[in-house]
Amino acid sequence: MFTNCSLGHCHIIIAVVLWSICVDSRKIRGISLSCTAACPNGRFYCTNLGYRSHYIPSSRVNDGICDCCDASDEYRSQTPCQNTCRNLGQRERAEVEGQMRVLGEGLRLKQQLIEEGVLTWREKQAQLRDLQRVSDDLQTQLDDLRKEEARRKEEADALRERVIGARETADNSPTSHYRTESPISVFKELDSNRDGSITVDEVQAKVSPVQDEEHALSEDEAVALLGGAHRVDLSRFEETLWTSLRTGDSVTIKGRHGVPGSLADEDPNIKAAVSAAEKAAADLKRVEDAYETVYMEIRDLREKLSLDYGSEREFLFLHNQCFQLKVHEYIYELCPFSQVTQKSASGEVVSLGKWGSWAGSPEKQYYQMRYESGEPCWQGPTRNTMVMLICGTETALRSVKEPSKCQYVMELQTPVSCQPALRQRGIHSEL
């Protein structure tokens, strides 16, 4: 072809031809500007200047449908395609800019929540230490008050016994007879049927309270006087009912008058001792109640501090909060680190799961929450819920779905799920 040209002229001609081929190729539709093949794997290249370039299958070229926003795929068809790349690019850039503004605000709020979480964590740790010191002090008080209460009660009982004994000796009351009578004679007096034992019925028939002989003992009272038994022999009688009769301050055999025990209660010394014992018991009860309250606070606080609130305590603020969303006739409620419930229009509340654990991947551990072991479905599995955390400038429950029977998926929007690694998608800026 170039047989008549000199070597130098041939080189120039060849260079011009190659340059013209490369220049013309830029005008051929469906070819990437990187000079790849025109139809690699049967694909057509949409340049889409001002928007995102992409490939479409070659079969969709000139098919009457506008696939490329720059209308380059319908260059031979009769379809009047408009170039919409500029509008699409502007719209997408506006969307991404909005997303980036949300991300920026979310990251700012997240940092604020992290700082608040760290402070709250330290405050809770200090509170736990303070409560533990209070608990230790209360435990010491309890030990002392228990000893004091026992001592006061013992003193009051001993004084009462001495006063009763002295008055029984001085008083010719029937109850003093129990001091001189033998237990055998009293046993025989109570053993109406002479069977060698005393029953509950015989006690109810012949024994009454010292202050009211007309009052009949109940079966439980009679059983208590017999030491919890319904029938006792002489030996057991001496250990139970006989002791109460000799004391004379609670029961007596009907027909025998005198109430030294009741009179003893009027003694000023006994009154003072009983009052001191009652005060000691009241002080003990007050400290026991305070100790129980502190114990419950310590238990709840330890449980709260044992949960995983994120690597920077950023999720701590969610504790003790609940978020609701109404979907059709149901109200769904998510209480992070606690439970998920579903409330029907009739007011019935169903558990959709209790807090289980974080369920995200190792790289995104804190993106999913698992709530499990909810109420069983009718002829179905136990209800479980997976909560997906998404970035946003406020914390709110955004959606609830049931992709499979009794398996729920929720979306919880919150600033603490915003990550700086989120980058804007690539968009052509050419206009």
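Each Cβ is built from the backbone N, Cα and C atoms, and glycine gets one as well.
Computed from a predicted structure; not experimentally measured.
Mean pLDDT for the coiled coil (128-162) in the predicted structure: 91. The coiled coil annotation in TrEMBL covers 128-162 (among others).
Beyond its flanks by at least six residues, the coiled coil (270-304) meets 124, 127-128, 131-132, 134-135, 138-139, 141-142, 145-146, 148-149, 151-153, 155-156, 159-160, 163, 264, 319 of its own chain at Cβ-Cβ distances under 8 Å. Annotation comment: TrEMBL describes 270-304 (among others) as coiled coil.
Marked as domain 'EF-hand' by TrEMBL: 178-213.
If you look up TrEMBL, you'll see 320-420 marked as domain 'MRH'.
According to TrEMBL, the feature signal peptide maps to 1-25.
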DSSP residue counts for the domain 'EF-hand' (178-213), split into helix, strand and coil: 18 helix, 5 strand, 13 coil
Counts of helix, strand and coil residues, the domain 'MRH' (320-420), according to DSSP: 6 helix, 58 strand, 37 coil
